[in-house]
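Working notes for the structure below.
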Amino acid sequence: MQDGSLNGLSHHNDERVNHENEDKSLNTSALGDSPDSANRELIPSESKENGVPTDSIEGPPSKRRKLAGPDNSRRSTPRPPSPPWKKAGVDGPTSFLQDGKRRSSRVNAIPLELQPPSDKRKTRAAQRSTVNKNLSGNGKVVASSPLSMSVSQSGINGKHTGGNLTTGSPRTATPRGASARRRRISRSPPRQTPSRTRSQSSATSAPNDPTSHNARSKRSHSNVTSTPTIGIDELWNDIGGETDLGDEQGQRVPRLRIKVKKPVIGFQHPSHVIPPRKYNSFREWLESGEGRIEDGAVLTPEAALVEARKRCRVLEATEPGGLLSPEVCSAYLPEQQEEPPQQYSHQDHLVAHALYFKKLLDQEHRRHRNTARLLAQWCADAWRKRNKRPEDILREQQEEVRVKRKQLARDLQKMFDLARAEVDRMRLARWEEERKVEDQRALDRAIKQSTMLFEKRRLEILGETGSDFLDSTDAEESGTDATTSDAEEDESNMSSTDSETEDEDEVDDDEGLTAEELRQKYADLPQSSLVSDRESVASDTSESSDGTRTSHILQNIEDINDSQGETPLEQIELDEVDPMLLDDSEDESTDMDDDMGDSDEDGDADGTDSDDESDDGPGLLGFFSSKDRVLNDAHRFDDEGDDPLAVSNHEGGSGFDDDGQSVSVDEDGDEELEDADEVSLVPNGPSNSVSISQSTAEVSPVTETPDEEPDEQAEVVDTDMAAAAPSEGPAPLEASAPLEDLVAIDKRGDAMGECHRQQCSPLVNNLDEQELRQNGGASSEASPGTLATKPSEPESISSFEAPGEKPPQPSESPAPGLKTPIPHLLRGTLREYQHYGLDWLAGLYNNHINGILADEMGLGKTIQTIALLAHLAVEHEVWGPHLVVVPTSVILNWEMEFKKWCPGFKIMTYYGSIEERRQKRKGWTDDTSWNVLITSYQLVLQDQQVLKRRNWHYMVLDEAHNIKNFRSQKWQTLLTFRTRARLLLTGTPLQNNLTELWSLLFFLMPSDGDGTGIEGFADLRNFSEWFRRPVEQILEHGRETMDDETKRVVTKLHTILRPYILRRLKADVEKQMPAKYEHVVYCRLSKRQRFLYDGFMSMAQTKETLASGNYLSIINCLMQLRKVCNHPDLFETRQISTSFVMHHSVATEYASKEQLVRRRLLYEHPLTKLDLDFLNLVPISREDISRRLADDSTRLMAYGPFNILRERQYKRTNWQMMFDGSTVQSTLEALENDARKRRMAELERCLYFESKRHGRRPVYGTSLVEFLTADSKQKPTLGGRPQTQSLAEWLSNRSSILASMILSIEERSQAMDGYVRRFACVTPAAVASGITEAALTPIETRYLTEKERFPPYDPFHEAQMRLSIAFPDKRLLQYDCGKLQRLDKLLRDLKAGGHRALIFTQMTKMLDILEQFLNIHGHRYLRLDGTTKVEQRQILTDRFNNDDRILVFILSSRSGGLGINLTGADTVIFYDLDWNPAMDKQCQDRCHRIGQTRDVHIYRFVSEHTIESNILRKANQKRMLDDVVIQEGEFTTDYFTKLDVRDMIGEEAEAQDEASAAMDRVLSSRVATGGSRVFEQAEDKEDIDAAKNAQKEMEQADNDDFGDRSISHTPGQVGTPLATGPQEGETPGAQLITTPQIHGVDETVDVEPQPGHIDDYLLRFMEWNMKDEPLVLPPDKTKKKSKKGKEHRLSKRRR
């Protein structure tokens, strides 16, 4: 027994026996459990150590295997060791150092030399011998026994390997799948007991990977444990108990990964904190000097001894052979030198050639191998083709069929995908068509609503109520809201005949009655009116019968009575309603055309859909929420004094509310106002009851006389009264006249022709127009009195003829056609059109409608607004609070206007600093403190939280184009204010596009509570889609090329906007307004401008920027170009010209050498040479001083004080003392005595110099010499000619004229000073300093007199300065810019003609240049820009208007174009053009407004052949859009009474406005000579391409439309698919198709049926298959996803 082993074997034999036992045990395990081999590793087994059985439970894998297992001989219980990797009692150190690194002994093997001597320690050999002893001692392991088992095995670190060790038998090999499954199971062990630990897993694991035998043999010492084998009975018992475990764990268990943060151990003691290093590196320690001994320090004996030893060691090391010797130390080695490059020798050539040859051989070998491989393949293929077996042929056929089947499947899949895409495209096209139809229906409803509102307002202006008319039209459109049965719903559907014809159960008693019988039947109805009769009379006989038209009107009356809860009339079945009954015309070119949008066929095709849609909302332009439509909510302002005036009802229960509006019951039973009445424009003023009673009196003679002759009434019905021309005579239409007179009047219109009769409007329009012509014609003749009216006055503003007439005087009674009197609070006189504007605004307020007052600037929108607020205070007793938001520049202007026109209002101007505004807000909740608050847009944004707390009654926004962008903060903030009514004031409602107009309209019409908003304007997409086509055509091709469809769309837009926009022009309402002339002045670029412009455009960076498409970069480039056009100094400042200054000239480079030479050669010590002058031995050298000066110098001499100091110093000095250095004290005294001697010598020297310097005295002195000197130049005047001078010379010297002609240098320099200043501009290329000093040497300088060295006047100084530095000439400011040159000429002409001008520009720096320009020319001017304070603006405007000496007022177009009255000027000059032409229009209206007495001329400066030409073109396009949409819409009060037959039938006067004329002058007309070539020259290439593409798209669209109306066959196909698909629920099959039926002449042609195409069948099948799938709509690219709240999320990339 050796080393404790059982058999005394060596270590080598022990290892061999251990391997054999291990292999045998593995074979046994493989044989014994082949079906469950994969699960056996998971089965807990028992092991016996020293005869004691223990449970071996697999646990989590350990990091490293222990080298020495625990000693379990003393432990009798199977308790696992703790902690997991080691026992609690650790044998040996817990850590050790290995290779300089600290390692833990828990996971690393402790080296033998570090392990302490102990009885428990076991070496590796002892460990292996212990294992062998246990194995052999138990006697249960037999190599040949198949039942022998080894220890349970697991891979290293708990991972099982892929197989077992084999002994050559095939039965012992574990299948690969089983091993893989064993690996998967081992990673996630199943049910673990709480006692399982990592130590058990490591103790019972062994390697079993056959592929890594070498690695396993190397790790065998650490992998083999001391666990003995298990008994067979106990093993199979355990296996039986866990048999089903492998089945449960057959599938892979997901691996869980839990990430936890590394725990942070807190500091429990101050010593735990590691102190920072004092030095970060050895170099820092060396540099710090710590530990170094200073040179002057005193060392202790011990330190001195240590230092001596170190030095001795260093000396020894420097000896030969030492470490620091030159032979050993590397410091003495010479620096390595770079070796020269070796020459390319023959050997290098040989090697390179050999390598190249090797490369060629390799390529050849590869080529040969590839060729051989291909040849072998070819041979194999040929052999297979020659000798094919039947099974090979069958296999090839099967393979070919399989490939074809796969390809066919792919082709079918691709075909079905294409079919699916085509079906989706067809479905999407159908969806788009349906959406277009829905949009068109919404547009038709909007037009119908606007038409009804317009007609009602028109009737009100003409003196009629119009309530019945509006009720009838409303009933026609949307039916009755209160539908209690299906029959009533069918009755209310006025636009479809399908529902009427399908309802066969109801019997219409009135269907067979004539018009006369119906009148007799319904003659006693209380609400019969003249309007109803006129509508029945004006019915079109070609479309429907007379009885039907009359019954239609009576049905409306019945609906009104039904809605009031009265006894309903007998229900009338209506047949074929004319949708154009209430329209003014069917022509496409009139303003009231095509109100219904489609014809009767379209209305019939819509069916009940239009009825359903008409009940959805109140209409397009209802500018208030649905809350206001409830009757109870309509009176919610009663407490504010805003309750409508009651109207006297006719015969008691007339079914009208207080406002004269009909009441209907909706589906819920609530009473609401009718939709059309809700948005009506009828002004219910104080005289409303009187007017209605008068209208009732007028109606009664006609409606209450059933005894009229039937023939006359039939004649009225049969005669088409709509085309009757206005009567030429002045005979008025009396309300009491019989019906025959009406027929006689209408018969006079038969001369207009049959075409007028066919295209007519209702009779009410003709009668109204006739009354207008009779009452307010050119003669302005008043009509005679009638039964119910007083003698009328001219009620049309067209009667205002003479421009020199005085404006109408205010009166308490309103003018004819006006229901609103001028409030007595208003001071001053309203003009007639302003009174009409007040009436229009009052009508909007009475009907709870918001509007836009868009009068041209200068017509008094401010006065009309003030009059409206005064009207509310007088008539409705509503004093406020009102909010007026204006630009900052006109706050004080509004305050002055309020105090001037309505001093009864209390005004608060809300502006100033934060503290001032806080003071103004104190006590402002009291309504009596102020009535109107005037503030600016900026302050509204700043103090929005405070302003939102108030409930404002009326909110007025001046210059409302500030909220044209609905995305801006201003728009969104003001939209949330709580107001009763809103009014927008703007002179430019349309500036750039229709979206801005939509923003204004939506601001007046906020959306409902559900978020959908009122139909129409609340949907920007629909609004833009409706009117997109005319906008594109106008901007791209001009207004002259609009087609008929575009004109119809524009007319529809006018119809929608007309009730809500009031727009009057100065030329229409102000006849005395002076004319306005616009001029475009083209200015050439100067040479400098052209150089800068072309240079900037030719830059590569500019071209890249313009081609990049970046909006901001392009705008920046355009702004730079505009700066060049305005003035080159804005782009690049003209530099001050200076010469290149050399620091040192060539002559002065040798100054230092010259000084050195002179000093060495000419230097003389002053004491080596006798100076007689210093010794006063040269008496005549002192004659330059006077005797008095010499006496003063002697008197001030310091000889006496110096002598006293010398005596004192002499006494203090010890002249006998010698130097004694024995002691410190004696040394210091000797040094001090030497210093005294030096001071004594210095005093003596000063005393000597003082005596010599002040002892100089002159012999005569300058005073005596000057006294005795006589001036030889001053001779007497009468002196004779000198004998030495000739007579001619003497006479020339005496002549003053000749003396003036011959000037000296100084005089000539002074005379030429102006020329030098103006023309000395060429500076030398370079200048150098020191030339004068080099030219005048010091020796020569001493011979120059003082007078010559310092002359009093230098004649060349000015020329020298001008030629050394040249400032730019002031005149270059003008000559560098072509615009300023043209402006100079224009200002001189204006000043000569007595005109005054306003100059507008966008750039503030340009204002600075204009100031310099005006100062140069001496023009008086004023300036106003954004930095001007609010208080100063009004002062400046008043000063300019009152002082005629001021020629020019220069302003910024952004700040000086808002609300400023500058009528003192009659000329407007736009120095540069604005991107937005509306801004220029506002600027020019600063002087062209009320109060201007002279014609206004407007000049626009445009630099030719530059970007400004394109800006002008774009501005003209925007002006044309404004002209077409706004100006031609005739949104005036005249339009209510100005309609005639010519307007109705579409005869428009083709007149060009000023914008079109300017466009023709600049770009010519498209129809002129040159055509497209002229456009190509004027426009950019991008614009030309865009126009051509748009033209192609239009042509293609026309072709498509034409193709839709014709028969189309798909080329290349046999037939056309069926129009109707298969029935729902049926699978489409192969069907025969015939020629489609076409509406035309039926011809008997025999057509044989032809089979359809397979593609058509596929499309039908796919469409049937996809019928239940939802349609995927394309994403809306215009909508941007909001990132609000998602800023923290990062977008993930798609992989």
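Glycine residues also receive a Cβ, built from the backbone N, Cα and C atoms like all the rest.
Annotated features, as they stand in Swiss-Prot:
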COMPBIAS  187-207  compositional bias 'Low complexity'
DOMAIN    334-408  domain 'HSA'
COMPBIAS  499-514  compositional bias 'Acidic residues'
COMPBIAS  572-616  compositional bias 'Acidic residues'
COMPBIAS  656-678  compositional bias 'Acidic residues'
COMPBIAS  705-718  compositional bias 'Acidic residues'
DOMAIN    842-1007  domain 'Helicase ATP-binding'
BINDING   Asp855, Glu856, Met857, Gly858, Leu859, Gly860, Lys861, Thr862  ATP binding site
DOMAIN    1382-1532  domain 'Helicase C-terminal'
(request) Starting from the Cβ centroid of Asp855, Glu856, Met857, Gly858, Leu859, Gly860, Lys861, Thr862, the recorded ATP site, name every other residue in that chain with its Cβ within 8 Å, sequence order please. (result) Gly987, Arg1489, Ile1490
(request) Specify the count of other C-beta atoms within 10 Å of the C-beta of Gly860 (ATP binding site). (result) 22
(request) Would you report the average pLDDT that the model assigns to the domain 'Helicase C-terminal' (1382-1532)? (result) 83
(message) My understanding is the cutoff is Cβ-Cβ under 8 Å with a sequence separation of 6 or more in the same chain; which residues meet that for Glu856 (ATP binding site)?
(response) Gly987, Arg1063, Arg1064, Leu1065, Lys1066, Asp1485
(message) Return the residues near Gly858 (ATP binding site) by Cβ distance under 8 Å, restricted to its own chain and a separation of at least 6 in sequence.
(response) Lys1066, Asp1485, His1488, Arg1489, Ile1490, Gln1492
(request) Going by DSSP, give the three-state secondary structure for Leu859 (ATP binding site). (result) coil
(request) List the helix, strand and coil residue totals of the domain 'HSA' (334-408) as derived from DSSP. (result) 60 helix, 0 strand, 15 coil
(message) Name the residue among the binding-site residues Met857, Leu859 whose Cβ has the smallest number of other Cβ atoms within 10 Å.
(response) Met857
(request) Determine the Cβ neighbour count for Asp855 (ATP binding site): the number of other Cβ atoms within 10 Å of its Cβ. (result) 24
(message) What's the number of neighbouring CB atoms sitting within 10 A of the CB on Thr862 (ATP binding site)?
(response) 20
(message) Taking only same-chain residues 6+ apart in sequence, whose CB is under 8 Å from that of Lys861 (ATP binding site), what do you get?
(response) Leu853, Asp855, Asp958, Leu985, Gly987
